[in-house]
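S.K.: Quick one: this structure, given as C-alpha cells, is what I'll be asking you about.
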Amino acid sequence: MAPAEILNGREISAQIRARLKNQVTQLKEQVPGFTPGLAILLVGNRDDSNLYINVKLKAAEEIGIKATHIKLPRTTTESEVIKYITSLNEDSTVHGFLVQLPLDSENSINTEEVINAIAPEKDVDGLTSISAGKLARGDLNDCFIPCTPKGCLELIKETGVPIAGRHAVVVGRSKIVGAPMHDLLLWNNATVTTCHSKTANLDEEVNKGDILVVATGRPEMVKGEWIKPGAIVIDCGINYVPDDKKPNGRKVVGDVAYDEAKERASFITPVPGGVGPMTVAMLMQSTVESAKRFLEKFKPGKWMIQYNNLNLKTPDPSDIDISRSCKPKPIGKLAREIGLLSEEVELYGETKAKVLLSALERLKHRPDGKYVVVTGITPTPLGEGKSTTTVGLVQALGAHLYQNVFACVRQPSQGPTFGIKGGAAGGGYSQVIPMEEFNLHLTGDIHAFTAANNLVAAAIDARIFHELTQTDKALFNRLVPSVNGVRKFSDIQIRRLKRLGIEKTDPTTLTDEEINRFARLDIDPETITWQRVLDTNDRFLRKITIGQAPTEKGHTRTAQFDISVASEIMAALALTTSLEDMRERLGKMVVASSKKGEPVSAEDLGVSGALTVLMKDAIKPNLMQTLEGTPVFVHAGPFANIAHGNSSIIADRIALKLVGPEGFVVTEAGFGADIGMEKFFNIKCRYSGLCPHVVVLVATVRALKMHGGGPTVTAGLPLPKAYIEENLELVEKGFSNLKKQIENARMFGIPVVVAVNAFKTDTEAELDLISRLSREHGAFDAVKCTHWAEGGNGALALAQAVQRAAQAPSSFQLLYDLKLPVEDKIRIIAQKIYGADDIELLPEAQHKAEVYTKQGFGNLPVCMAKTHLSLSHNPEQKGVPTGFILPIRDIRASVGAGFLYPLVGTMSTMPGLPTRPCFYDIDLDPETQQVNGLF
C-alpha cells in the first residue's frame with residue numbers, strides 16, 4: 001500500500017491559531033477594553049519548563065491573548081502556591097491559567113492538591129479532578145479537555161475519517177494523555193480499548209485499532225508490523241535517543257517506529273512536528289473559549305435571577321412580621337445573579353455587601369439603563385409612601401415584568417430610629433430586608449462619616465489653640481519637624497505652599513514672612529461653620545461650650561452638635577463620582593474664614609488625606625435586597641433640607657451599568673418634588689451628568705384632602721374623620737398641590753407618572769378622580785397602587801406606565817445657569833418651583849452672598865433649606881400658596897459637597913427625643929438574638 005499521509009501538526013496548528021487570532025480581534029471589537037487573559041504559574045526554574053512556557057507565551061502574543069508568566073522561587077511552600085492560585089481564581093482579567101509541571105520546589109508539595117485548587121472554569125489545561133470527572137461523564141461542553149488529547153482529536157478529525165463506530169486503541173493511561181484520550185474518543189462514539197504496561201499480547205491489541213493513539217514515553221515501542229493496515233496513527237511521544245550523526249549526539253523519536261509504521265498506516269503524525277504544536281494551539285483555543293464563556297456569563301442582557309414569592313396574608317401583618325416571613329437569599333448569590341464578579345464584592349455576612357468601584361471601571365463601556373426618580377407631593381407629617389413606592393415599583397419591574405432593575409435609596413440615620421420615627425425600609429409587602437440591618441449599623445458608613453467629621457472639628461480647635469500659644473518659629477518647627485536632622489514638607493504641606501504662591505520645597509529656605517503665612521491659618525472663631533456630629537438624637541447638644549478643661553488655658557467657645565447625616569461629608573460623598581473626586585471634595589470643604597476673610601479648608605488644616613482614609617470603605621455602595629429578591633443599593637443619606645436629600649451618584653452609576661440599556665434604576669428624592677426632586681435635577685444630575693427618563697410622583701388621598709383644607713394631621717394621633725370618609729370636593733380642591741408638582745416636574749422636560757398610593761380608607765371614586773385630574777393636567781399617566789398590601793403585583797400598572805413613559809420623547813433641561821448671580825438662582829427656584837412673587841435677602845444673607853461670590857463660590861448650584869410641609873416658607877400654608885415673598889435669612893456654603901444653601905426660616909440639625917422615644921419598644925431576644933420592636 002502507499003505510504004501514510006503525514007498529519008503536519010505545525011500547519012494545522014497554524015491554521016487554528018489564525019482562526020483564534022481573528023476571534024480575539026472580534027472579541028476586542030465587540031467589547032472595548034476586553035482582552036483574553038492567560039497566566040502560567042511556574043515553581044522553580046527548570047530549563048525545560050521555561051522552554052515550554054516561552055513557546056506558549058509566544059503563541060499567546062501572536063493570537064492577541066494577554067499572557068503572564070508568574071515565577072515562584074524553589075523555596076515556595078504548598079500553601080503559598082495555593083494562595084497564589086486563589087488570587088488567580090478571583091482575578092477577572094485572567095480567564096485561564098495553568099501550573100507548569102513538575103513543581104520544582106525544595107519543599108514537599110502535593111501536586112494533586114495544587115492542581116485541584118484551580119477553579120474549574122479557568123482550568124484550561126483540563127487537569128483538575130472536576131474537569132476529569134466531567135469528561136468521564138461526557139459533559140464535554142461543560143469542561144476543559146487536556147490539551148494533548150484535544151489536539152490529537154483535532155488531528156484525527158483532519159483526516160476526514162469518521163470516528164463514530166471505529167475501533168480506537170489508546171496505548172498509555174496517564175492522567176494527562178491516555179485516560180482523557182480514552183474518554184474523548186468514547187464520547188465521540190468510537191469503541192475504545194486502553195492498553196498499558198500490564199496488557200497481555202500488546203501487539204495483537206494494537207493490531208485491532210482503526211485509530212491508534214500512543215503515549216507511553218518509551219522510544220519506538222510500537223512496531224510497524226503491529227499496526228493494522230490503513231490505521232490512523234497519532235504518536236504523542238517525545239524521546240531522545242543517541243545518534244552519532246547529529247551535532248548534539250542525539251535525535252528525537254516518538255513512541256512509534258515511524259519509518260516502519262508509515263508503510264502500513266493511512267495517516268501518521270511525525271515526531272517532532274505532529275502532536276506537539278497542536279498541544280499549544282489547544283491551550284490557546286481553551287483560553288479563548290474560557291474568555292468567551294466569561295463574556296457570555298457577564299454580557300449585558302436579562303439577569304438569570306431567582307425571585308422570592310410573597311405569601312400575602314389578610315389582615316395585614318406588621319411590617320416586622322412581613323420582613324421576617326421572607327428569608328433573604330445569600331447576598332453573594334444575588335451579586336452573581338446581577339453580574340458582579342467575586343472580586344468586586346465584599347461580603348458583610350449573608351445579607352449585605354459592599355460593591356467595589358472597580359465594577360464601574362469594568363462596565364464603563366456598557367450603555368446605561370433607564371433612570372427613574374421617585375418623588376412626591378407636599379406631604380403630610382406622616383409621609384406619603386415614596387420609599388414604599390420605590391420598593392414596590394422595582395419589585396413589579398423585576399419579579400413580575402422580568403426586567404433588570406435596581407433600587408437606589410438613602411441609608412437612614414440611627415437617631416430617628418431610636419427617637420420618634422422608628423425603622424424605615426419601605427413598608428408592608430414592599431420592603432428592603434433584613435430591616436434590622438438596614439436601620440442599624442449596616443456596614444458602618446455613618447460611623448465613618450462621624451469619625452471623619454469629628455476629626456475635622458478636632459483639627460480646627462487644636463489649630464486655633466496651638467496658634468494662640470506658640471510663636472511662628474515654634475509653630476513651624478512642630479508642623480515641619482526635624483527627623484534625623486532633616487526637615488521635610490509633607491505632600492499636603494507642599495500643596496498649601498503652592499496655593500500661597502510660595503514655590504519652595506526646602507523648609508530651610510522660607511523667609512520669616514513666608515513661615516508666618518504658611519504656619520498660621522489665623523482662623524476667626526466667629527466664622528467657624530463646622531460642627532461636631534453624633535448619630536443620636538440629643539437636644540442638649542444643640543448648643544454647648546467647649547474648651548472648659550484647665551489644659552485648654554481658657555480658650556473656650558460656643559459650639560454645637562448636629563446629627564451625623566447633616567455633615568457636609570455625607571452630602572459630599574453622595575455627589576462624589578470617584579475616589580479621586582472624593583479626595584478633592586474633602587479637601588475643598590470650607591470650615592471657617594481667616595481674620596482677613598479668606599476661606600480655610602480641610603486641605604489647609606492638613607486633614608483631607610486622613611479623611612479619605614477614613615472614608616475609603618464608605619465610598620463603596622451597600623448591596624441589599626427587597627422582599628421579592630430584587631437588588632437594592634443603600635448608600636449615603638444626606639439631609640433633604642440643608643443638603644440635597646438624595647442617595648449617591650456612585651450607586652446610581654454602578655446600577656445603571658449593571659442593569660444594561662433595557663433595564664431600570666429607580667432612585668428616591670427626599671421630601672416633596674419642590675425640594676428633593678428640584679435638588680435631584682439641579683444638583684445631583686448636574687454633577688453626575690446623568691439624564692433621567694421618568695419622574696414618578698407619589699400622591700395620596702389624605703394629603704390632597706389636607707391641601708384642600710382638611711383638619712390638621714398630627715403624627716402619632718388618629719386621622720380626623722374627614723380623612724377616612726369619602727369627600728370628592730376636598731380631594732379636588734387639594735389637587736392644586738399635585739397639579740403644581742406635576743408642573744414642577746415637567747419644567748425639567750421629563751414625563752411624569754403619578755402613583756396614587758392607595759390606603760384601605762380611600763374610595764375608588766377618590767382614587768379615580770385623582771388619576772383623571774392628573775392626566776388632564778399634564779401627567780403622562782396616573783395609576784392606583786396597592787404595593788403596600790400586595791408587593792410588586794400591586795405596582796404592576798405603575799411599572800407598565802413607567803416602561804411606556806421611558807420610551808416617550810423627553811428633553812431634559814436644568815432650571816438655571818450656574819453663572820447667574822446667587823440671588824438670581826435663588827429667585828428662579830422660588831418663583832418657578834414654589835410660586836413665590838419674589839425673594840427677600842435679609843442683611844446676613846446679602847452679606848454672605850457677597851462674601852461667597854468674592855471667595856469664588858458664586859458659581860455653585862443652590863440647595864434651598866426650606867420646610868418640606870409647604871410650598872412656601874410657612875409650614876401652615878397648604879395647597880398652593882400665592883402672593884408671598886420668600887425670606888432668605890442666611891446663606892451657607894458646602895464647598896466640598898458643591899453647593900450654597902440659603903436658609904429659609906430656622907432649620908434644626910439635631911433632633912431631640914420625645915417623651916416616649918421608640919427605644920422603649922426595642923430589645924434583643926438573648927436566645928435567638930432577634931431584634932424586637934424596631935418597627
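Each residue, glycine too, has its Cβ placed from N, Cα and C.
The feature active site is assigned by Swiss-Prot to Lys56. The feature substrate binding site is assigned by Swiss-Prot to Tyr52, Ile53, Asn54, Val55, Lys56, Val99, Gln100, Leu101, Pro272, Gly273, Gly274, Val275, Gly276. Per Swiss-Prot, the feature N-acetylmethionine maps to Met1. According to Swiss-Prot, the feature phosphoserine maps to Ser318, Ser413, Ser490. For 310-935, the entry in Swiss-Prot reads region 'Formyltetrahydrofolate synthetase domain', with the evidence type similarity to another entry.
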S.K.: Cα-Cα, whole number of Å: Ser318 (phosphoserine) versus Asn54 (substrate binding site)?
M.R.: 67
S.K.: The residue listed as 'active site' has how many other Cβ neighbours within 10 Å of its own Cβ?
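M.R.: Around the Cβ of the residue listed as 'active site', 22 other Cβ atoms lie within 10 Å.
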S.K.: Using a 10 Å cut-off, grab the number of neighbouring Cβ atoms around the Cβ of Tyr52 (substrate binding site), all chains included.
M.R.: 18
S.K.: Where does Pro272 (substrate binding site) sit in the DSSP three-state scheme?
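M.R.: SS state of Pro272 (substrate binding site) = coil.
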S.K.: List only the single closest residue to Ser490 (phosphoserine), chosen from the recorded positions Lys56, Gln100, Gly274, Gly276, Ser413 by CA-CA distance.
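M.R.: Out of the listed candidates, the nearest Cα belongs to Ser413.
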S.K.: Counting across all protein chains present, how many other Cβ atoms fall within 10 Å of the Cβ of Pro272 (substrate binding site)?
M.R.: 14
S.K.: For Asn54 (substrate binding site), which DSSP three-state class applies?
M.R.: helix
S.K.: Using Ser413 (phosphoserine) as the reference point, find which of the binding-site residues Tyr52, Gln100, Pro272, Gly274 has the shortest Cα-to-Cα distance to it.
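M.R.: Closest by Cα distance to Ser413 (phosphoserine) among the binding-site residues Tyr52, Gln100, Pro272, Gly274: Gln100.
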S.K.: On the Cα atoms of Tyr52, Ile53, Asn54, Val55, Lys56, Val99, Gln100, Leu101, Pro272, Gly273, Gly274, Val275, Gly276, which are listed as binding substrate, what is the maximum pairwise distance in Å?
M.R.: 24
S.K.: Whole-number answer please: how many Å between the C-alpha atoms of Gln100 (substrate binding site) and Lys56 (active site)?
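M.R.: Checking the Cα atoms of Gln100 (substrate binding site) and Lys56 (active site) gives a distance of 11 Å.
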S.K.: Within 10 Å of the Cβ of Asn54 (substrate binding site), how many other Cβ atoms can be counted across all chains shown?
M.R.: 12
S.K.: In whole Å, how far does the CA atom of Gly274 (substrate binding site) lie from that of Lys56 (active site)?
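M.R.: Cα of Gly274 (substrate binding site) to Cα of Lys56 (active site) measures 16 Å after rounding.
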S.K.: Hey, what's the Cβ neighbour count for Ser413 (phosphoserine) at 10 Å?
M.R.: 24
S.K.: Distance between Gly276 (substrate binding site) and Lys56 (active site) at the Cα atoms, whole Å?
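M.R.: Taking the Cα atoms only, Gly276 (substrate binding site) lies 11 Å from Lys56 (active site).
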S.K.: Which value does the mean pLDDT take for the region 'Formyltetrahydrofolate synthetase domain' (310-935) in this predicted structure?
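M.R.: So the average pLDDT across the region 'Formyltetrahydrofolate synthetase domain' (310-935) works out to 94.
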